[in-house]
Amino acid sequence: MATTSTTGSTLLQPLSNAVQLPIDQVNFVVCQLFALLAAIWFRTYLHSSKTSSFIRHVVATLLGLYLALFCFGWYALHFLVQSGISYCVMIIIGVENMHKYCFVFALGYLTVCQVTRVYIFDYGQYSADFSGPMMIITQKITSLAYEIHDGMFRKDEELTSSQRDLAVRRMPSLLEYLSYNCNFMGILAGPLCSYKDYITFIEGRSYHMTQSGENGKEEIQSERTEPSPNTAVIQKLLVCGLSLLFHLTISTTLPVEYNIDEHFQATASWPTKIIYLYISLLAARPKYYFAWTLADAINNAAGFGFRGYDKNGAACWDLISNLRIQQIEMSTSFKMFLDNWNIQTALWLKRVCYERASFSPTIQTFILSAIWHGVYPGYYLTFLTGVLMTLAARAMRNNFRHYFIEPSQLKLLYDVITWIVTQVAISYTVVPFVLLSIKPSFTFYSSWYYSLHILGILVVLLFPVKKTQGRKNAHESIQLSQSKKFDEGEHSLGRNSFSTTNNVCNQNQEIASRHSSLKQ
């Protein structure tokens, strides 16, 4: 396993052999640790107060490209090619239609790279690969194209509040564009951030806060002292350490593939199957916790990721955080789980697809999510199942939750039952995502007799969602703030059935107020 070939540097091959991990994974972890040290140096010696934005952009870009070259070798050229052609498209096509062309090109280029990697070179070898960073770059390319289109072509009254706050009012330079896409803090694992947030950080305007007055106009607040990210970084590194330890010691002993083992399927009782399904998928999550939390810590160490101060005056360093582990593991609904998993991707899906779709925004968003993730058949099975589970969970909650609010003992019983059901449903849904191939995925579902699929369909058919007056009023309010092209019925369905983007709507209210408070 440790001798797996790589297109990147083989300098760390002895270390790879010693720890018995693939060289690609060793390169990734070492480069991220190097990026963490570089981030501390960047904040200390190239601080915006004593270094020009130009120098910060150049250093961030060159370091990012070096890390990409070390990890992926000549495949890192794809990052420059995708970014360079997209920039040319923006300049040549113009602000009216550039968002469409950039979206099609960036997503198409990503898909071609994924197809060649999966079906020509390396099927099933789900190690560190160059398409991972390209997924983040694709998000940035498409997000920025829409933000420029919103800021330089559309009228303010046509924009939602979040679109207005994120809108970019001038074309970025090539250096700014490359720095945003390929900086060392996010080149390997992201997370996605908005262009305005990134430029604000580079130029050192993150701490020049303003607040809105009663008349709706901005009133400048006294400048706050720049907060230290050290506490947040240390806390996140501790989470990384625990996640990595869990992954290396426990995850490898509980493989998801054992769910389709013939002997296990033939001899295990149903309670055993259910418990192992949950535990094996629980054990599969720490590697994501490690990668995303480390990426967040790297950005924080560089001084990026400060969202503002809470009501107690404490600094919040979760502007670009990608997950909330406690809420994920204690989720009592499908919605709650998705609300706290891969948060920045959910924001991206909402901004570039869901709120702009002229019909069936929910279905379009799930399709885009599947295409963006890759071309393994397991991804599509997971997202198709996810649509059904989301609709069924919404129907159950809408029809039954109000019976269990009081007394508190009944509410506790409801929470325990919904936690169990949610964890099993999530695990059942994402098995194909881990198995990747279509045959083992169908083997798993057939071993469960497609039971949750059938149950989900019955729930959707037998318990239609009742549209309450409160929900109708809320829906009408949202309609007023959005473009008139949205169909009321479809949008209402989308808001309530697609859990991930439903969360994003709430987050964007937070982000809107935060953007209003930044002195752009």
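Cβ from N, Cα, C; glycine included.
Residues annotated as compositional bias 'Basic and acidic residues' in TrEMBL: 484-493. Sequence annotations record features per position, and here TrEMBL assigns region 'Disordered' to 476-502. Summarising the annotation, TrEMBL assigns transmembrane segment to 26-46, 58-77, 370-391, 412-435, 447-465.
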Quiz item: How about the transmembrane segment (370-391) and the transmembrane segment (26-46): do they have 3 or more C-beta pairs under 8 A, pairs 6 or more apart in sequence?
Solution: no
Self-check item: Stretch-level contact, the transmembrane segment (58-77) and the transmembrane segment (26-46), CB cutoff 8 A, at least 3 pairs
Solution: yes
Exercise. With a Cβ cut-off under 8 Å, give me the same-chain residues at least six positions beyond the ends of the transmembrane segment (412-435) that come close to it.
Key: 256-257, 259-260, 274, 277-278, 280-282, 284, 330-334, 336-337, 377-379, 381-382, 385-386, 389, 393, 401, 404, 441, 444-445, 448, 452
